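S.K.: Before I ask anything, here is the structure I am working with.
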């Protein structure tokens, strides 16, 4: 059975880009007779906005979204992440990293998603002294391409050794890394289809590699076009994207429907009816591949 999900982070309030992702993932799930889960990715407390999680859920309800089951909170799932890391440790696929960023980034090269880790701590003889600090944990990556066929973008691949380097699963400050948490959650929740923004396309080969290491199924992925401002920057909390206006729900839904190339919806003042209409007319094949500039 199709199981999709929407996984916002409570570092801020939902904005127009969030609404596009929620609407597309919802329409794809419901049009396939599937479940649609909501998961709160609250992994980084220092960056979270007080009250954002409850505001996000209230906003989704106000826009007519209905999710299946209880909302999952990553902050309550640490035991799952510990078990997942333990499996990788037992298999000898991970190692403790004692490097500070200063230790390795000075001589590092830029890759697909920031600096490429140089593998210094792969060799126990080269690991710097801990000096009472907890290490991070990294996973060894292969020197080969890991690719997949995306439902919107098409074929995409990375050589993890060249483009990413051994990546962190547990940070030295004790916080779980996004890549491990999302793979563990998707597997445990039985997620089969992931519809999300293209800013996460670069993360997908890492997640597929982790799925392979853990022996869990790889979902089908579809990465949506990003909404950008006049300067070409992705609308986000960092670029001061305005929060969704609950007094303009129908107008905003129609706006994201146009971005997703849905036909013009009939007149109604009920957001839930607009979502039902989007489900009935959903066509992933018409979704644009490239970024969309918005007012």
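Heads up, the Cβ atoms here are built off N, Cα and C, so glycines get one too.
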S.K.: Starting from the L-glutamate binding annotation in Swiss-Prot that includes 5, 6, 7, 8, 9, 41, 196, which of 175, 178 is the extra site residue?
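M.R.: Record check against Swiss-Prot: L-glutamate site with 5, 6, 7, 8, 9, 41, 196, extra candidate from 175, 178 is 178.
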S.K.: Of the ranges 234-238, 239-243, 244-248, 249-253, which one does Swiss-Prot flag as motif ''KMSKS' region'?
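M.R.: Range annotated as motif ''KMSKS' region' by Swiss-Prot: 234-238.
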S.K.: With DSSP as the reference, give the number of residues of the motif ''KMSKS' region' (234-238) in helix, strand and coil.
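M.R.: Split by secondary structure, the motif ''KMSKS' region' (234-238) comes out as 0 helix, 1 strand, 4 coil.
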S.K.: Going by Cα-Cα distance, pick out whichever of the binding-site residues 97, 99, 121, 237 is nearest to residue 5 (L-glutamate binding site).
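M.R.: Comparing Cα positions, the candidate nearest residue 5 (L-glutamate binding site) turns out to be 237.
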S.K.: Taking just the CA atoms, what is the gap between residue 97 (Zn(2+) binding site) and residue 41 (L-glutamate binding site) in Å?
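M.R.: If we compare the Cα positions of residue 97 (Zn(2+) binding site) and residue 41 (L-glutamate binding site), the gap is 25 Å.
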